[in-house]
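Please read the structure below before turning to the comments.
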């Protein structure tokens, strides 16, 4: 491995062609020999009479240029599609109602500026500066490349289990095309004797209820009744078994839905950002149209006002509870998709001079604004449901899949022309999850492809990599379309991409950039890209505030850890928890294990190893933008063209 040294006490500039897909190699005028004997610079390198700064066509041979977005709006829409997902529609409104209504917006808004925007901006800017995916982006401090492997593990787990929500949504979407919604009645083969279509709590007087359909029933018997939508979800869709150790049979209908969704994801991703950037215009914007339609319909329903007031009414006493602040912090990390490496991959396809600082604020506003807006849609419908059933809103407000596949289907079944509303809602749900899913796959595939040097590239490399990735995830997903599949899904959701893993990842990202590479140094790099330095608040967050916030929430989660349960009834066996912790540790341990492994090498003292392993590895595009004297001086590396030390020797590496 050769390095070019500008002087004895200056930083080495290592150019890794295999890791960089875009940018030109800047000839240094000395006629140095590059890869495969190609002459870089010097007489005749770019052809007779070629202007300075041109690159010989031979230099580019064998090195595929990195794709860039056709237009900047493609990047914006892709980030919107990825970060704005199902969590905005069901998790934020639930947390808002649970944690004091309007009061929840205070800690939520605070954490946007303390953690959300700083790390969101950090990941996008890092990808844009290094022009690499989630692994090679950490060439900025190679000792901590374990951060890249950790994010790859997390996003792989996310891609694996998150798509099940899309499969369920697609299943409901297909079932919506019927004269009578299958979850609206108790006349189906999966219904039990406890199924009750209309509860009519308001008629439960003096301990009895008269009803022509069900006969005389006591209030106790009525309370034990089960809604047809719950029975459709548990008995038909999930056909849930007794526990994790009883996988049972495959649900073939659900398996076909899963296969169909994976095929859709594959054809959204296989051609790269050129196609992804176009598809996302529809998948990211159509859900907003449906949300607006549902809001207009929801506010006209009886009980909608009570639901919205329940959503917004502040409960000031909640502000002093620690759990409210913890929920606000974790919701920011979930909804902003921080720590998954996909934002880094999306940023890597930007132009080098794109104003990613401005983009970060715009995307944060869209993300949080969508969450807040979705709350009005959700609680106008929940208020209607509570009014129809004669119960308090807290009885119908649920979180997670319970809200998407129990509360909403019940709501649309009560509306006129119910199948139309059902199809509209589940089509929206499918699109909300689909763009998040295929951007997650894009992030994973980008990280994998960036590992290999250019000479190993071949024509259908991306298509094959995407196919292998989708196939691996589909095989694992087969365990989630069995009767015990819901237990497996919840195990993935609770451990593999939990708040703890994302907080751990975000903490180390801030530490590495701010304290290993240098916060001021990275601010200079950003200024080199966008033309101005960001507000100093961002640097202070990277250096002090955000790492402290991440670690505080992480420790709170760890101290208050509770074993996983399903519906607060079924307790997972000990071996199930062991599997869950193995999934969590598989990403978290990537960072310390990789660090210790690299530091244990034989070369020099600990200080020398640290200094050598924390030197950035630059790509060819850095030479393009950082060859002037002033630029190199800003990096502490004076360049003298006439000196022997100024030579840039290009080499190949799989580092």
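Here the Cβ of each residue, glycine as well, is placed from N, Cα and C on the backbone.
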Which range of 190-209, 210-229, 230-249, 250-269 is transmembrane segment in TrEMBL? It is 250-269
For the feature transmembrane segment as recorded in TrEMBL, pick the matching range from 483-501, 521-539, 540-558, 559-577.
540-558
With Cβ-Cβ distances below 8 Å as the criterion, list the same-chain residues six or more beyond the ends of the transmembrane segment (464-482) that contact it, or say none.
156, 159-161, 163-164, 167, 241, 247-251, 254-255, 258-259, 262, 265-266, 269-270, 441, 444-445, 448-449, 488-489
Return the single residue from the binding-site residues list (335, 436) that has the minimum number of other CB atoms within 10 Å.
335
Residue 335 (Na(+) binding site) and residue 195 (disulfide bond), compared by Cα position, are separated in whole Å by 36
So among the recorded positions 84, 195, 432, who's got the most Cβ atoms within 10 Å?
432
From the centroid of the CB atoms of 81, 83, 84, 88, 335, 367, 432, 435, 436, the recorded Na(+) site, which same-chain residues not already listed sit within 8 A by their CB, in sequence order?
80, 82, 85, 86, 87, 284, 337, 370
Can the transmembrane segment (540-558) be said to touch the transmembrane segment (325-349) if we require at least 3 CB pairs below 8 Å and skip pairs under 6 apart in sequence?
yes
Take the Cβ of residue 81 (Na(+) binding site) and count every other Cβ within 10 Å, whichever protein chain it belongs to.
27
